[in-house]
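K.L.:
Got a structure here, written out as structure tokens. Questions coming.
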């Protein structure tokens with residue numbers, strides 16, 4: 001989910017993907033036998049003599065063996081669409097680690113020093129939740145990349161992704177508080193063409209994905225508040241390939257430059273250099289690819305998608321360093337337009353502010369809605385469709401009141417100039 005840069009400073013960041021591995025639990029079969037020994041009693045001596053003369057095998061019927069009951073095997077493959085729990089595919093919680101980069105320079109001792117490696121491993125229990133969320137994200141993302149096609153409505157696309165995520169982590173989010181255990185880290189962003197970020201369909205949206213569209217797909221998955229934020233861009237016309245290649249390469253460069261003690265402004269410079277080395281020809285006109293200078297990567301905190309640090313995607317004088325324990329979303333945006341976005345359009349994304357002061361709300365609908373938000377989302381971002389799922393209605397007046405009182409933050413769509421095309425790629429690091 002994009003973080004908008006302050007006007008005086010640019011910062012933002014993205015992250016890495018999870019790996020491809022399936023655990024295969026052993027299935028045991030239970031066996032059982034049930035024998036019945038039948039004796040025919042008769043008072044006659046003749047029968048007794050005949051029985052005595054008969055072979056011993058005739059005195060007892062052979063035991064009948066029942067076929068062993070087979071235990072239902074645990075699933076070892078994902079379904080299509082994804083509906084098998086990640087925890088069933090990895091019953092021992094040995095989730096894939098994803099892509100790992102070696103420490104460089106002064107941080108190399110973190111790899112070579114055995115004691116430091118041991119201490120790092122002791123402090124990495126929180127990674128289990130991150131890897132769980134990352135694997136759910138990877139499987140939902142791969143399904144989406146394979147199945148999203150022109151002609152589908154944005155609502156159909158969003159629901160398909162979100163239904164998959166909820167099924168993979170095993171939390172549908174319909175019971176009070178269930179959304180906060182695991183599920184969507186934020187609403188699925190489906191931003192098209194000159195719209196760069198923060199667009200998801202509200203109820204009644206009829207927009208249909210077209211063959212010539214460029215769509216950013218931004219997905220958030222969380223487990224116990226550990227949010228994995230990763231995005232990709234889909235285009236069905238090959239003329240947009242250079243734009244997508246530029247942004248993907250820039251994101252990968254940002255991930256490569258990230259690490260403990262790396263300076264955020266220098267990372268932005270490296271991202272910009274790669275991004276702006278590309279150009280794209282559209283309808284006979286050549287457009288330089290520009291970094292969108294007021295969008296950034298960002299740190300991620302538990303249950304909070306935007307932390308206090310931002311990673312710019314252009315060179316700045318920001319000397320802030322990445323520190324041990326930071327979790328960053330490295331995300332970059334490229335544009336054929338101005339390389340600068342502004343807010344425009346109907347709001348769909350919201351989040352309760354973590355620093356909101358206590359306000360004496362006078363509107364009863366605002367009080368009621370705030371109670372729903374606290375119990376179901378906390379500070380996790382949500383959208384109107386999520387409130388609809390919970391059975392809320394006629395909530396807009398109360399929602400706007402919460403926004404005007406500074407309790408809830410609204411995130412309008414972010415757009416470049418009309419007629420331009422934007423792309424986004426993002427990974428967590």
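Including glycine, each Cβ sits where the backbone N, Cα and C put it.
In case it helps, TrEMBL gives these features for our protein:
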type	residues	note
REGION	1-112	region 'Disordered'
COMPBIAS	18-37	compositional bias 'Low complexity'
COMPBIAS	40-50	compositional bias 'Acidic residues'
COMPBIAS	60-73	compositional bias 'Basic residues'
COMPBIAS	96-112	compositional bias 'Basic and acidic residues'
DOMAIN	130-343	domain 'Peptidase M24'
BINDING	198, 306	substrate binding site
BINDING	218, 229, 426	divalent metal cation 1 binding site
BINDING	229, 298, 331, 426	divalent metal cation 2 binding site
K.L.:
Cα within 10 Å of residue 198 (substrate binding site): which of the binding-site residues 218, 229, 426 qualify?
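P.N.:
Checking Cα-Cα distances against residue 198 (substrate binding site), the binding-site residues within 10 Å turn out to be 218.
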K.L.:
Between the Cα atoms of residue 218 (divalent metal cation 1 binding site) and residue 331 (divalent metal cation 2 binding site), find the distance and write it as a whole number of Å.
P.N.:
10
K.L.:
Out of the binding-site residues 298, 306, 331, give me the one sitting nearest to residue 426 (divalent metal cation 1 binding site) by CA distance.
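P.N.:
Of all the candidates listed, 331 is nearest in space.
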K.L.:
Distance check, please: Cα of residue 331 (divalent metal cation 2 binding site) against Cα of residue 229 (divalent metal cation 1 binding site), rounded to an integer number of angstrom.
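P.N.:
Each residue's Cα considered, residue 331 (divalent metal cation 2 binding site) and residue 229 (divalent metal cation 1 binding site) end up 9 Å apart.
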K.L.:
For the binding-site residues 218, 229, 426, work out the Cβ neighbour count at 10 Å and name the residue with the minimum.
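P.N.:
Selected from the binding-site residues 218, 229, 426 on minimum Cβ neighbours within 10 Å: 218.
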K.L.:
Under 8 Å between C-beta atoms and at least six apart in sequence, can you list the same-chain neighbours of residue 306 (substrate binding site), or say none if there are none?
P.N.:
1, 3, 298, 299, 300
